[in-house]
Amino acid sequence: MRYIPQVNKPLWKARAMTGTKKLFVKTYGCQMNVYDSERMAEALGAQGYQQVDSAEGADMILLNTCHIREKAAEKVYSELGRLKPLRAANPDLKIGVAGCVAQAEGEEIMHRQPMVDLVVGPQTYHRLPTMMEALARGEKALDTDFPEEDKFAHLPKGRKARRGPTAFLTVQEGCDKFCSFCVVPYTRGAEVSRPADRLLREARDLIDRGVREITLLGQNVNAYHGAGPDGGEWGLARLIREMATIDGLDRIRFTTSHPNDMDEDLIAAHGDCDKLMPYLHLPVQAGSDKVLKAMNRKHTAEAYLRLIERIRAARPDLHLSGDFIVGFPGETEADFQATLDLVETVGYGTAYSFKYSARPGTPAAERATVDPAEADDRLQRLQALLTRQQRAAQDAMVGRRVSVLFEKPGRMPGQMVGKSEYLHAVHVDGPETLKGQIAPVDTRRQRPELACRAIGGLNGTTCGAAGSRTECGSSR
Ligand code: SAM
Ligand code: SF4
């Protein structure tokens, strides 16, 4: 960790930092960042910071960033530019940058934006309290180490406030796969799995605080191989089965998975573990074996298709989601056609598609890129197909009874919104007391371009678009 001496503040200023202060956290990117933001807010909560919804009037602003695609990093610099007037109006305002952009750019962030007081990488945010002490002394703090210690074990305990019915729980971090386009192995480091007993404890704690659905997270979550309390090594399926025994935990999900880590036990769990929801995000990235090889994915399109068949045999109503990259260096029209063919064969309920973005330091960044206009055109064609499939999947829900976990009020007065087991957003006209309840909802179509409207179960119910999850680098 490095502290960069700045102007020394008088002691009374440092003391003023110990009262109740307002913290605004803005999160970019994937669910893992959402989880990290919660933990950082908890850690700062122990320092007297209370989280607020707006940057205006905050004493500290923390941007938790994502570096997966180029625009994501640029977004952070634009956001810092927008924060300048707030800092000008309040010189005591502290501004921090956390996450993968912090890891990748380090001190460069402070050079480009000298008003930034703190830069902390994804593996060192348990050291935030010490960094905050440096800030209180009028210094800047920068920490982008990959420390030996487990940050989760060293995180200061925050206030155990009541929370909403759904929560993320990071079980695994980092990646050893080194896909040739991806920065994750460099920004998040080597693959590490958290010990199962700590995860089970954290899950029980979440349930005590009102949570009913937990999504297990990892950059490669199905590569999970944590130490089990029995002394053995547990895979993800074993962890899921043990979590499923926790009273009060009704739903379990996991994301994001790599096809090569879908083992037999995990496939079987989709068939025999009732609490594991019938939704799977299983990125394939491309349908051409030539491109998959250049991406260093270490599987073929055929192997992916056979895997999908086996998972669907275990859970026939599985709602499948995926990620795609178009315009990867060397991708020809024929390669792209193979991606469209794969999508046609699989039939996705939801999917996320991206134009290839060269990331400095990754092997693919050295290669000649596809003409940007061509890549744009392919992205549009792929998205048109995926949108058609998504609508078809929503239409298939019409007239079906789904089970909905209600999370919060909807946009319209008197409306509540929740998620079906397939991760469809479902709207009903109902009281706020529905929050945290799981109820059956019969769906019917509301508008042709949306999905469905209820005819039974709960009264006046609508079932909206699927795919409310966030994914690296984009907000959807
Ligand atoms: N571990 C998951 C897997 O192996 O499929 C993916 C996690 S990755 C952090 C999230 C998604 O971002 C990827 O699936 C990929 O589609 C997209 N992505 C990653 N690097 C990218 C790049 N350089 N350009 C465009 N999209 C990228
Ligand atoms: Fe790892 Fe997924 Fe990135 Fe590949 S795409 S390097 S598997 S995080």
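Cβ atoms are placed via backbone N, Cα and C, with glycine included.
The feature [4Fe-4S] cluster 1 binding site is assigned by TrEMBL to CYS30, CYS66, CYS100.
Positions annotated as [4Fe-4S] cluster 2 binding site by TrEMBL: CYS175, CYS179, CYS182. According to DSSP, CYS182 ([4Fe-4S] cluster 2 binding site) is assigned to coil rather than to any helix or strand. Applying an 8 A CB threshold to same-chain residues 6+ apart, the list for CYS182 ([4Fe-4S] cluster 2 binding site) reads ILE68, CYS175, ARG359, THR362.
DSSP states for the domain 'MTTase N-terminal' (21-137), grouped as helix (H, G, I), strand (E, B) and coil, give 59 helix, 24 strand, 34 coil. The feature domain 'MTTase N-terminal' is assigned by TrEMBL to 21-137.
Taken from TrEMBL, the feature domain 'Radical SAM core' applies to 161-395.
Residues or ranges marked as domain 'TRAM' in TrEMBL: 395-456. Restricting the average to the domain 'TRAM' (395-456) gives a pLDDT of 82.
Checking the binding-site residues CYS66, CYS100, CYS182 against ligand 1 with a 6 Å cutoff on the Cβ atom leaves CYS182, in sequence order. Only CYS182 of the binding-site residues listed as CYS30, CYS66, CYS100, CYS182 bring a Cβ under 6 Å of any atom of ligand 2; the order follows the sequence.
Between the C-alpha atoms of CYS100 ([4Fe-4S] cluster 1 binding site) and CYS179 ([4Fe-4S] cluster 2 binding site), the distance comes to 17 Å. Taking the binding-site residues CYS30, CYS66, CYS100, CYS175, CYS179 in turn and counting surrounding C-beta atoms within 10 angstroms, the largest count is reached at CYS100. Across the structure, CYS179 ([4Fe-4S] cluster 2 binding site) and CYS30 ([4Fe-4S] cluster 1 binding site) place their CA atoms 18 angstrom apart. Apart from CYS175, CYS179, CYS182, the residues listed for [4Fe-4S] cluster 2, the same chain places the Cβ atoms of LYS177, PHE178, PHE181, VAL183, VAL184, PRO185, GLN219 within 8 Å of the centroid of those Cβ atoms.
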